[in-house]
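**Student:** Let me give you the structure first, and then I'll get to my questions.
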Amino acid sequence: VGFKAGVKDYKLTYYTPEYETKDTDILAAFRVTPQPGVPPEEAGAAVAAESSTGTWTTVWTDGLTSLDPYKGRCYHIEPVAGEESQFIAYVAYPLDLFEEGSVTNMFTSIVGNVFGFKALRALRLEDLRIPTAYVKTFQGPPHGIQVERDKLNKYGRPLLGCTIKPKLGLSAKNYGRAVYECLRGGLDFTKDDENVNSQPFMRWRDRFLFCAEAIYKSQAETGEIKGHYLNATAGTCEDMMKRAVFARELGVPIVMHDYLTGGFTANTTLAHYCRDNGLLLHIHRAMHAVIDRQKNHGMHFRVLAKALRMSGGDHIHAGTVVGKLEGEREITLGFVDLPRDDFIEKDRSRGIYFTQDWVSLPGVLPVASGGIHVWHMPALTEIFGDDSVLQFGGGTLGHPWGNAPGAVANRVALEACVQARNEGRDLAREGNEIIREASKWSPELAAACEVWKEIKFEFPAMDTL
């Protein structure tokens, strides 16, 4: 046969519309915007090639192996409604292309060099189907939803949190004081801001000590289990682990990590440590909008959320639908359910391109955070349901009477909404009424209602289908 040098069309090798996908394949849905003049089949095949075994020219060493078991295949192409120059390319990757238990390796292949590819104007990974065989190579979340509820002894309602503000500039002792006041007032958790690591005005060890003191004092006074997400994110993995170890020595229930800026390798390491040592792991998604906000390029957040469930985390920030940060309702609900449910049906109206079976990998609690306050409580309770964490930063600390009354207001609002829902009332329609009724017997809630009655963050969402 001989070796035929030269450049040949990708579609001859990598576009295979007759391919039957295997249960073990990783499936990807890409939104492709080709350069003018590049046909869809060629662009789709190019994506499959560049993210698997292909290179730009025929190489002699192809003859030393069979590409068939290893190549990515573009097996289906469909137009995007309302967009002339875009289409969705479906690509199947054989399982053997990926290292077991490594989100890092999976992303290096699937969203690696191919995103800088010249024949494409833009490329966005919309969804991934992770096969059972690959899911089973991951530990996943350190504990999951049920274990967390059992550790905290809190059932039948969403959990309440609060990010301590001002996020930068407080001394450790004043920071601990704010933590204590919020927990004492009735919150379940307080949170280090994602940018709080170990800065000159507050070194991590001092913060950990004062926060631990705040946790134990508020626990003793309320009889409830309390937690503060101690941010273990650091400049090196060794420093990160040092912080996690110190948190364990203090006996606190939960630590935190910024998984995108910290990286998947660091995150998976920390998740393994957390399972071995009984720590819950709260995950913040700082940097996600750099990757997921553009509609035609990058990666959708639902893919980042799936990756986090594999890498490991017990809480993941997932937008709010009602606050100050991006999130269309149906789409947000799609990636609220993805991390926490065992089985998610394909549903294009929610942006879900594939049915995903998580085969008993523990679930992750979605966290609603960003510009929310007591008036949003009915909507949040209805949209997110019991298995969620609702975080009010400014919505707690901005209370006119102080932090503890701010916490009281949120807890009263939540308990009122949960009770109303359990009595069969419609939170979507009667939400404001429920909050008003509750505020009659809670002066703290009444004051909060007064402060935030006019606040709205109304901009059209970017994340549309």
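The backbone N, Cα and C atoms fix where each Cβ goes, glycine too.
Annotations per Swiss-Prot:
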- Lys4: N6,N6,N6-trimethyllysine (MOD_RES)
- Asn113, Thr163, Lys167, Arg285, His317, Ser369: substrate binding site (BINDING)
- Lys165: active site, proton acceptor (ACT_SITE)
- Lys191, Asp193, Glu194: Mg(2+) binding site (BINDING)
- Lys191: N6-carboxylysine (MOD_RES)
- His284: active site, proton acceptor (ACT_SITE)
- Lys324: site 'Transition state stabilizer' (SITE)
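On this model, are these features tucked inside or out on the surface, and what's nearby?
**Tutor:** Its Cβ taken as reference, Lys4 (N6,N6,N6-trimethyllysine) is surrounded by 7 other Cβ atoms within 10 Å in the chains shown.
Within 10 Å of the C-beta atom of Thr163 (substrate binding site) sit 24 other C-beta atoms, taking all shown protein chains into account. Thr163 (substrate binding site) falls within a strand when secondary structure is assigned with DSSP.
Under 8 Å, Cβ to Cβ, and six or more positions away along its own chain, Lys165 (active site, proton acceptor) finds Asp193, Gly393, Gly394, Leu397.
Residues within less than 8 Å, Cβ to Cβ, of Glu194 (Mg(2+) binding site) and separated from it by at least 6 positions along the same chain comprise Asn231, Thr233, Asp258, His284, Ala286. DSSP assigns Glu194 (Mg(2+) binding site) to coil, not to a helix or a strand.
Around Lys191 (Mg(2+) binding site), the same-chain residues six or more apart in sequence whose CB sits under 8 Å from its CB are Gly161, Cys162, Thr163, Ile164, His228, Tyr229, Met256, His282, Gln391, Gly393, listed in sequence order.
According to DSSP, His284 (active site, proton acceptor) sits within a strand segment.
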**Student:** Which of the three DSSP-derived classes (helix, strand, coil) applies to Asn113 (substrate binding site)?
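**Tutor:** Helix, per DSSP.
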**Student:** Spatially speaking, which of the binding-site residues Asn113, Lys167, His317, Ser369 is closest to Lys4 (N6,N6,N6-trimethyllysine)? Use C-alpha to C-alpha, please.
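**Tutor:** For Lys4 (N6,N6,N6-trimethyllysine), the spatially nearest of the binding-site residues is Asn113.
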**Student:** Across all protein chains in the structure, which of the recorded positions Lys167, His284 has the highest Cβ count within 10 Å?
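**Tutor:** In terms of Cβ crowding, the pick is His284.
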**Student:** Ranked by the number of other Cβ atoms within 10 Å of their own Cβ, which of the binding-site residues Asn113, Ser369 ranks first?
**Tutor:** Ser369
**Student:** So around the Mg(2+) site, Lys191, Asp193, Glu194 aside, which residues have their CB within 8 A of the centroid of those CB atoms?
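**Tutor:** Close Cβ neighbours, site residues excluded: Thr163, Ile164, Lys167, Asp192, Asn195, Val196, Tyr229, Asn231, Met256, His284.
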